[in-house]
């Protein structure tokens, strides 16, 4: 793809998200989401591989369905109430369907089925954009709607997403699918606390984007797409392998690392809201996710690559990829726990 076309597509991605951020009118928000979807589609299909084309088609159909559903509900709301303001969805049925449409856009369970399949068909760079940047605009709209949504709906979406994200990743060998289920689980943690402390959701989203970016960039540096390939990394780049393991453990939420911070805060908030059972259930789902992250760490650091590995062996030349973004995100992924009060102050 021409650099000029790539630049236009990336600029359009930024424009679409910015329009949705800045809008207080449903039509403008819908327009921003549509620009976002249409801008990423050429980036997804640029390799002309059958899997990439299939993933692009699935993505387009699901996003178009979600956008049409959202437009239908918000038009219905305008018809009933006579105004288009985002925070004025008055009817509970309309609010519920709008939240479900936005949940379909970000891949919340039980509307998650498209996400692992789509991510599996993409290369790691486009997968990174899909897993991070494409979550921002829908999550902003969910954030604005959260005060008027029924509590049981948010809890159901959150618990189901955390459970599906934990269970779905257990039996996977493809790293992109594992990261897709990881994304579903993290979205569940954000949804569960949205009703009670929306700013905590923003902090969780920021940390999720940092951790996922470092995971995708590390896998791109080692050109790894399967668990088997990870086992060949320690001979080529031992320090990167160790840092990738730290990133995976941080995604799992182990205490000395950054990923523990949002989980800790969310469980504390759920306990304050007199929801000990929900807090216990969420902690148990975190163990499910931690299991498959530990599988990745075990394959990376404690096993020798099998001789029958049918993956393409990476050539031992220096990667041309920029290492500065990877270094910054890796440091933030591993070492932000001591500055928790500062991070909380930034999001309040």
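Residue numbers in this text run from 1 along the chain shown.
Every residue gets a Cβ built from N, Cα and C, even glycine.
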Requested in this report: From the ranges 39-59, 60-80, grab the one TrEMBL calls transmembrane segment.
Outcome: 60-80
Requested in this report: From the ranges 220-238, 239-257, grab the one TrEMBL calls transmembrane segment.
Outcome: 239-257
